[in-house]
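Trainee: Dumping the structure here so I can ask a few things about it.
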Amino acid sequence: MELICPAGTPASFREAVDAGADVVYCGFRDETNARNFPGLNFTRKELEQSIAYAQSKGTQTYVALNTFMRAGDEIVWYEAVDDAVRLGADAVIVADFGLMAYVAEYHPRQRLHVSVQASASNVDAINFLVDAFGAKRVVLPRILTIPDIARIARQITCEIEVFVFGGLCVMAEGRCSLSSYATGKSPNMNGVCSPASHVRYRQDGNDLVSELGDYTINRFPDGEAAGYPTLCKGRFEVAGQYGYAFEDPVSLDVMDHIDGLREAGVCALKIEGRQRGKAYVAEVVSTLRRTLSADSRSRPALIHRLKLLSEGQQTTSGAYEKRWR
Amino acid sequence: MKLPPLLAAPFAVIPLPVINRATRLMLFRVLKQHPGLFDRLGEHLGKRYGFVPTDLPLTFVVEPARPMITVSRKPGTPHADAIVEGPFFLLLALLEGRGDADALFFSRDLAVTGDMESIMSLRNALDDCSVDLPRDLSVAAGPLRPLFKRAAGWIRDRALSGESVWN
């Protein structure tokens, strides 16, 4: 199975390649990708140089163009596709059906992958995207169990890629409006979830208080591991009790299940984290590379250290082994 | 590791002009080695970035637009748009991209207040530059360069062993 690794800067990109990535995915420094954070991402020149570096080491590059086009400004996304193709991207990862149509019409030989943001989570949706736009791979939303994935794999004609490690959304990819509700900006349209411009941290006595826009997201007592300032991981009062109404601050880790994923028909394992630093990329990629070639008994010890890198210093297998249906 | 009090104590008495002069020379030396260090700051180039080492009696303010670094004594809080607070060696590890800022934030080793956009920009700018303080600063040591580089590298390795940093 391919190991698909994130990069938010050229330095992270080189770390991912050197650490053993089969593929590095990244995006342009604008709103065309869903990790449009300040100071992050690639200029055209940086992408060109990074692709050349990857090719010299036998690594592929996928370019994420996975936000939804803004009506009237489609040209921004069209030009991003044109440039990614011109610079030699091995695949473009797209969420917007209109942009998929553009790729299919103007760059029919370009390999097209369906982004997790497209929320294609059933056989009909995936086969439609394969038939209509020639999609070669789908990145499945993190809402499916491994048996679900196996059932889908048997009925579709494209490859399957899944997230196995890193940040975990509340499983409504491409459709989540929580950030938009609080700040007016969303990963879907602007490439930012909980934009930094709306985030504030302050100390209140010994507590660390995180705020997003006008909302208090969380209050961490001294010594408690902290999480990202997203509404989905916020601690709220519900029916007189404080708790995590949507989800705990926790990251995804399903490396214990890679044999099951392989048997289910998954061909590529994806690491989330383009917004993370190169130290994270180097550590996670090298560890998961070793884990992939290790036997199942050795894997837990290998990946245990990665908990320290995870949100809230906790990990979960999320919906892959859903127990709450 | 935290800076041992024995090493931190002298900074309470060394005259500030001397410390300022030394830190500015270091900043300019690093910038000479990495002229593109602040390129990723974009609109945040003009911001003031405060650093508060929890184990030193000093605070630092970096102004990339000038560029300039100013050292002050505690207990004053730096006048800055964004402030990062943490152990001295961890702050240096972040400068070198050896630590993952998010992980250090999750573990509460690092506290960040103020303008989050500007501090994220700085984090990403630093992360994309391969700053290596022993290597970059040893250039100024002339014939003692190899010795300085080795000694500084040894101190860094000792200081960061066991910390949540990688690379």
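Even glycines carry a Cβ here, placed using N, Cα and C.
Small disclaimer: the values here were computed from a predicted structure and weren't measured.
As listed in TrEMBL for this protein:
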type: BINDING; residues: A:CYS169, A:CYS176, A:CYS193, A:CYS232; note: [4Fe-4S] cluster binding site
Trainee: So for A:CYS176 ([4Fe-4S] cluster binding site), how many other CB atoms are inside 10 Å of its CB?
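Mentor: Excluding its own Cβ, A:CYS176 ([4Fe-4S] cluster binding site) sees 21 Cβ atoms within 10 Å.
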Trainee: Show, in sequence order, which residues other than A:CYS169, A:CYS176, A:CYS193, A:CYS232 on the same chain lie with their Cβ within 8 Å of the centre of the Cβ atoms of the [4Fe-4S] cluster site.
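Mentor: Those within range, site residues removed, are A:VAL170, A:ALA172, A:GLU173, A:LEU178, A:SER179, A:PRO187, A:THR230, A:LEU231.
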Trainee: Using DSSP and three states only, what is A:CYS176 ([4Fe-4S] cluster binding site)?
Mentor: coil
Trainee: Measuring CB to CB from A:CYS169 ([4Fe-4S] cluster binding site), give everything in the same chain under 8 Å that is also at least six residues away in sequence.
Mentor: A:ARG142, A:CYS176, A:CYS193, A:CYS232
